[in-house]
Every structure is written in C-alpha cells, then in structure tokens.
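Before any comments, here is the structure.
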Amino acid sequence: MKAFLCFGLIGLVLSQVSIPIFSIYDTPDAAYAHFKRLQVRERLVKNSNVPLTNYLDAQYYGPVQIGTPPQNFLLTFDTGSSDIWVPSSSCYSTTCHLHNQYNHSKSTTYVASGKKVAFDYGQGEVSGFLSMDTLTWGGYTIPNVTFGEITYMPGSEWGSDKNDGLLGMAWPSLACAECTLGFSKLFATGALGTNNTFAFYLTSGDLQTGSVLTLGGYDPTLSKNDWTWHNLLSQTYWLISLDYITVGTTKIAVSGMQGILDTGTTLLVGDQTVVNQILAKIPTVKENCSNVSKLPNVTVTIDGTNFLLTPQNYVWKVTSEGQTQCINGWQAEDFSGTPLANTIILGDLFISTYYTQFDMGNKRLGFATAV
C-alpha cells in the first residue's frame, strides 16, 4: 500500500480540565546524552487539567489511554506537529520494548486501517500503520481516533526517551491524510462547551512538579498579569509575526520575521539570518554556568508587546553526575529556502517563562507572565 509521509516540525467551569505533565530523566547519563544530541526537528478541553512530567526541561508529557479497556501511555503533547502515534505490540524494534505498547487485539473498540505511515522529526523517523480506536484524555472519551501504530522506532534516537509516543496539537493541515487531531476531535464531541482553547504551563527544572496542560481554557492562578493576544499568520503551525528582538540595547529586525510556539522543541531555535545576530551580542555561555548572571537580557517584541527573557530564562541547564552544565538556548539553523526562513521556534524555554494559550476558535495565541 502507498505510504503516507507526514512531517512535523483547576478550571473555573465544569467543562475545563487540567492534566499534569512531567519532564524527567531517570539517570544523569541519560540527561547528558539528551543534552548532547538535542537538535531541532525538521517539521515544515470543558476545562480539563492534564498533569505533565518535566523531562529535564526537554520533554513534557502526560497520561493518555487508548482502547477498550484502556491501555495506558505517556505521550508528549506537541504543538509543533499534528499526528498521534504510539508503539505497537507488533513492533520489531528493540526500542519499542522500552515503552508501553498498544495491542489492538485486546481492544473491543479497535478498527483496522492498515495503511502505512511515517512520521519524520529531527530526532529521527518512526513508521508503522494507521489504526482507529477510542482515546481517553483528561477524563474525556474520544471515539474513532485515527493514529499511528509504530512498528519501527530507532533505538539511537528514541531509546532514552521516557515518553511512549506523541500527541500533536498543531493544525489539521499538518496531519497525515487520514489522521485525527486529538484536541479538534475532543472539541467536536461538545465536551469542552464553546471554549476551543488549550493552555500550557511549563515548570523549569528536572523532576519539577506543577507543569500542566489545560483543555478548554486556562488556570488563572498560574499567571501574573493580563493576557495579550496575537493573531496567527496561518492555520498550520502556531505561527505569529515578530516585530524585532533586542539583545541588551541592540535591536535586531529582519523583514518577515516569524515565530512558532512549539512545546516539542526545547530551545529557541531560529534561522541563522536572525539568530546569528543574536548570538553575536551574547558572550559565550560558560559550561560551568559561572557567567550566566552577567549575560544580557533578550526581549522579543510581538505586536508592540515586549516579552523579556533574562539569561536565567534562555540559558538551558543540565545536571549530570552532580555537575550542572549550561548551554545558550539560542541555536541557529539554516532555514534558507524553506518555509521556516526568517523564523524562530519559540520552544519550552519561552513557554516556561510565559504561560501560553492556544486558541483554535479565534485563531490566535495568548501570553501572560507565568507565576
């Protein structure tokens, strides 16, 4: 069969659910390995709180169930892609056996598709076939969700990850031809009422609790000030226009500069035409973190509103074998000749500083300073 190749770059009302999410590394060696191999991927709820696990400020994931009776998974909630996938019990890659695996033969609501599918990220490609089943997320049951059952999952790329798979939360245009978007499908059930939004609050620090994904609204106790709203440039990525960036007192303005809000990217990764200018104004970050407090502030201006990033916000810290190492979170990539030209991916370092609402109903993004 033809393969579908897909590239991905506590509520106030009863309909809101918050889900805790988490970000952890189980060993210092795993943390350091991820630190060294980190790369930008190549990707062009009535209120419910979902707890998130913080995986060294590098992956944020939370609980999802698939099938009847439900089979448990920990999925990365990724606003930079639009597909859902989990390892299959028929996976032949050793890496799959390090994760929870979906067994469709044990689900009474499983519907076969069998069409081949592949998802490509900077971290590596995974592939398998499509299936349909019931998905439970934030306490809500969503029937007939089409997702990828992964049978190929390279160990060198995915072996150390603590999440089992991925749940994409970008726009339908980025999803594979027959895949289902979890949030859009949840909203269509009517369970969230009329609030077609979700919000990410990300904590900093490995093993830090408190990160949360809210479906169908936001938690006002997690923000310090009023929200500012910014219209999207397209319904693909969560893409907005950037006015300019200021490093210390130096303003950097590039025509057509854009920003993508992506929970699946850890750092602040952008086209070298922009980011090299930023890096030129920031002294080299010492690995022992001794000069972090002396680095300049960086301000991202969006629709006339300034969003301050102190060096404590944009320097990524990794602790391994009792030693903390620092890396400059601003990373340059060559996006020339691609749709990401003049684009900066505002990853978790930005979102952990600014509580972010993703408003599908009004096609906009909202920011408030996180508590």
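Glycine residues also receive a Cβ, built from the backbone N, Cα and C atoms like all the rest.
Here TrEMBL flags Asp78 (among others) as active site. In the structure as shown, the Cβ atom of Asp78 (active site) sits within 10 Å of 27 other Cβ atoms.
Annotation source TrEMBL lists active site at Asp262 (among others). DSSP classifies Asp262 (active site) as coil under the three-state reduction.
Among the features that TrEMBL reports, disulfide bond is placed at Cys91-Cys96. The number of other CB atoms found within 10 A of the CB of Cys91 (disulfide bond), across every protein chain shown, is 21. Reduced to three states, the DSSP call for Cys91 (disulfide bond) is coil.
The annotation domain 'Peptidase A1' is assigned in TrEMBL to 60-368.
Residues or ranges marked as signal peptide by TrEMBL: 1-15.
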Same-chain residues at least 6 apart in sequence whose Cβ lies under 8 Å from Cys96 (disulfide bond):
Pro87, Ser88, Ile150, Thr151, Met153
Could you measure between Asp262 (active site) and Cys91 (disulfide bond) for me? Cα positions, answer in whole angstrom.
28
What is the interatomic distance between the Cα atoms of Cys91 (disulfide bond) and Asp78 (active site), given in whole Å?
23
